[in-house]
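Engineer: Here it is: the structure, laid out below.
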Amino acid sequence: MKTLGEFIVEKQHEFSQATGELTALLSAIKLGAKIIHRDINKAGLVDILGASGAENVQGEVQQKLDLFANEKLKAALKARDIVAGIASEEEDEIVVFEGCEHAKYVVLMDPLDGSSNIDVNVSVGTIFSIYRRVTPVGTPVTEEDFLQPGNKQVAAGYVVYGSSTMLVYTTGCGVHAFTYDPSLGVFCLCQERMRFPEKGKTYSINEGNYIKFPNGVKKYIKFCQEEDSSTSRPYTSRYIGSLVADFHRNLLKGGIYLYPSTASHPQGKLRLLYECNPMAFLAEQAGGKASDGKERILDIIPESLHQRRSFFVGNRHMVEDVERFIREYPDA
């Protein structure tokens, strides 16, 4: 049995930018995940379920657990003095860590993805993304350090809190998964160099919004539902409503996750920096693909911290099919 800490140290030589700081940073995220795991499992026993009454910068009602997870991760990262600052889906602006101007890294995160599912005991997750800062070390970080394209990520990953708690991450040298053993208090290696299955047979989308989807996406959904034995169709529809949970299932079983633009969200709804970029990095490292329907996610130059984007991620052949339908059936 190999722990996450042992694995990170063992694999440092494979990663050109590996430093003790990055190892400690991943350890801080691991600690934050343990705290969130503990409190999610007793959320119904303490008063951290439901809405907090506040809204985030996107105008969405924040759940109590969103704010709890955000504060715990922020505290874990700041305590190590190895992160110059963070950007979070739950923060209006970047958070600059005073006294950490010497740190080389910044972290972007969605502290609790799918938190509205907590009340009904459905899987949720934490998503994180790590970049090297671009401003001079020794000075406070600025927004410029966070507005980098996804292809500049040095590490990314997620934690899924389900029937078991798993941490999945990449540093650009494959995707590795670790299951949390609460009796020992450690994450143990369970899958090394994960890959999408050769063929995917599942599509994950909120079909309740079908009437609002672009023409190309509507055509793709019908394509998924048609019978064709040569391509193993019809595909199976599975949608949890938590990006982390849907992505994790599709990574293991093969499939595609779709969150297209709609009339109410013409640019898409998922956040480029906190959700799309880290999941795209993981997908590509696992042999998959991630796109906004026209462009590779990791090549998009971000313009703002909370920028949204359409998002299609999963098996390469399935994402390429979506792109083809979007090209062939443009909206009038």
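Every residue, even glycine, has its Cβ placed from backbone N, Cα and C.
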Engineer: Which of E6, E226, E227, E275 shares the Mg(2+) 2 site with D110, D113 per Swiss-Prot?
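Structural biologist: The one candidate that Swiss-Prot places in that Mg(2+) 2 site: E275.
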Engineer: D113, G114, S115, S116, N206, Y239, Y257, L258, Y259 bind substrate according to Swiss-Prot; which of K104, K199, K218, K269 goes with them?
Structural biologist: K269
Engineer: So Swiss-Prot lists D110, L112 for Mg(2+) 1; which of E71, E89, E143, E144 goes with them?
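Structural biologist: Site partner of D110, L112 for Mg(2+) 1, according to Swiss-Prot: E89.
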Engineer: Judged by the number of other CB atoms within 10 angstroms, which among E89, D110, D113, E275 is the least packed of the binding-site residues?
Structural biologist: E89
Engineer: Calculate the distance in Å between the alpha carbons (Cα) of D113 (Mg(2+) 2 binding site) and Y257 (substrate binding site), and round it to a whole number.
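Structural biologist: Cα-Cα, rounded: 15 Å.
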Engineer: What three-state secondary structure does DSSP assign to E89 (Mg(2+) 1 binding site)?
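Structural biologist: Coil, per DSSP.
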Engineer: Quick one: Cα separation, S115 (substrate binding site) versus E275 (Mg(2+) 2 binding site), in Å?
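Structural biologist: S115 (substrate binding site) and E275 (Mg(2+) 2 binding site) have their Cα atoms 14 Å apart.
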Engineer: At the Cα level, what's the spacing in Å between L112 (Mg(2+) 1 binding site) and E275 (Mg(2+) 2 binding site), rounded?
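Structural biologist: So the alpha carbons of L112 (Mg(2+) 1 binding site) and E275 (Mg(2+) 2 binding site) sit roughly 11 Å from each other.
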